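First up is the structure itself, then whatever we jot down about it.
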Amino acid sequence: MNAVTKITPHTDYKIADISLADWGRKELDIAEHEMPGLMSIRRKHAQTKPLKDVRITGSLHMTIQTAVLIETLKDIGADVRWASCNIFSTQDHAAAAIAATGTPVFAWKGETLEEYWDCTLDALTFTLPDGTLTGPELVVDDGGDVTLLIHKGYELENGSTWVDEPASSHEEGVIKALLKRVAVERPGYWGRVVKDWKGVSEETTTGVHRLYQIAEAGKLLIPAINVNDSVTKSKFDNLYGCRESLADGLKRAMDVMLAGKVAVVCGYGDVGKGSAASLRAYGARVIVTEIDPICALQASMEGFEVNTIESTLGRADIYVTTTGNKDIITVEHLQAMKDQAIVCNIGHFDNEIQVDALKALKDVQKINIKPQVDKYVFPNGNAIFLLADGRLVNLGCATGHPSFVMSNSFANQTLAQIDLWEKRDTYEKKVYILPKHLDEEVARLHLEKIGVKLTTLTKDQADYLGVDVAGPYKPDHYRY
């Protein structure tokens, strides 16, 4: 599609349709009521503005809930530029509502990969009063794309030849082409970006995995906070969020009756647990695939059959990948599936399913049914339905997680951004997790909304347990 672009002395944006702003604002108002943690943090810091004039780039699904996060960061002082972290996840009315307030946002549903990475660069590009192009001081990342781009750009300026190596995928080729272009158009740009960059907070399992890989290689340029492994993120967003949004995505995409169907959930981490619970709640017969014996045992103890993908071919109706790994469902698996099986992903990247290999098959007919629903017909007459082109089904085919559970995640993100900035001179170039007392505080902020009343320890009880009356109540090694 053709995005609407506007550049003025005060704001710039690339979105689908600015006329959707009023609709977006109405939904924002509803979401704020459902996001008590985020709104409480906004009220607490509205006067002190701990992020005053701090340049923040966000790369995170441009949804209504994210719009509430953006406005929270702005209300506590930040100078924000935003892009989505997925080509299909933007809610265009949410992007319009944010653009209408003067916040630069670069996102629309249905971007090409070239447009997506251009939008990421736009969100990264701040202009100083003297006209110099620079980057953010803090980053809110989801999947690690901004972190990857800055690191690869900086390495290129310091002698890396990675951009000249053959690309392993179409998307990698797009990234390399972008970096080559920036090298010509903005000499020394990435060095200026890194000089001012103070930290990143990462939302997802996939992005955190990238961060640890970079850190283990000794190449991490900044301190990073692993928001994903906060208990109030991973055990809520990943688990309870997926429990509601997976079925929502499947039903909006296919109008399918889940009861009685055989559904395969690939992976039984927190996302897999939520996905399996979602399908079982509707009456599906769920089979789990796993590599980890602990997760496999957990799934079995919950009553799920645990087996291999190969054992399900020809009998399963629905496949859902949740792993964060690549090549979980291969093109050979796709060709051997039951006729008209539904295939989707609720992990992060589309490489969990071999989508590129599917598209490259000879004599395969692709039929677009509606946006984000494609039917692939094989030469033998059998077909599969691929949802959201192998990207996130809950955001590509529906609206993602509900506001309340995202309030947990985004409260963590906001606290992480404040902590990174206030302690920017003490953090080392490592990956950190938010301290336990902040994790408990995020949970506490959401209790009143759902009518929860906490029991209070006596001083004697607290002394017996060796904790403070006000918490934290669990050691860091405790597994919830």
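Our numbering is plain: 1 for the first residue shown, then up by one each step along the chain.
Each residue, glycine too, has its Cβ placed from N, Cα and C.
The substrate site recorded in Swiss-Prot comprises THR63, GLU203, LYS233, ASP237 together with one of ASP122, ASP130, ASP142, namely ASP142. Spatially, by CA atoms, the binding-site residues THR63, ASP142, GLU203, ASP237 include one closest to GLU290 (NAD(+) binding site), and that is ASP237. Cα distances from ASP142 (substrate binding site) to the binding-site residues THR204, GLY267, ILE346, HIS348 are smallest for THR204. As a whole number, the greatest separation of Cα atoms within the substrate-binding residue list THR63, ASP142, GLU203, LYS233, ASP237 is 17 Å.
Here is what falls inside 10 Å of the CA of LYS233 (substrate binding site) among the binding-site residues THR204, THR206, ILE346: THR204. Cα distances from HIS348 (NAD(+) binding site) to the binding-site residues THR63, GLU203, ASP237 are smallest for GLU203. Cβ neighbour density within 10 Å is lowest for VAL271 among the binding-site residues VAL271, ILE346.
For the pair ILE346 (NAD(+) binding site) and THR63 (substrate binding site), the C-alpha distance works out to 16 angstrom.
Checking each of the binding-site residues THR63, GLU203, ASP237 against VAL271 (NAD(+) binding site) by C-alpha distance, the shortest gap belongs to ASP237.
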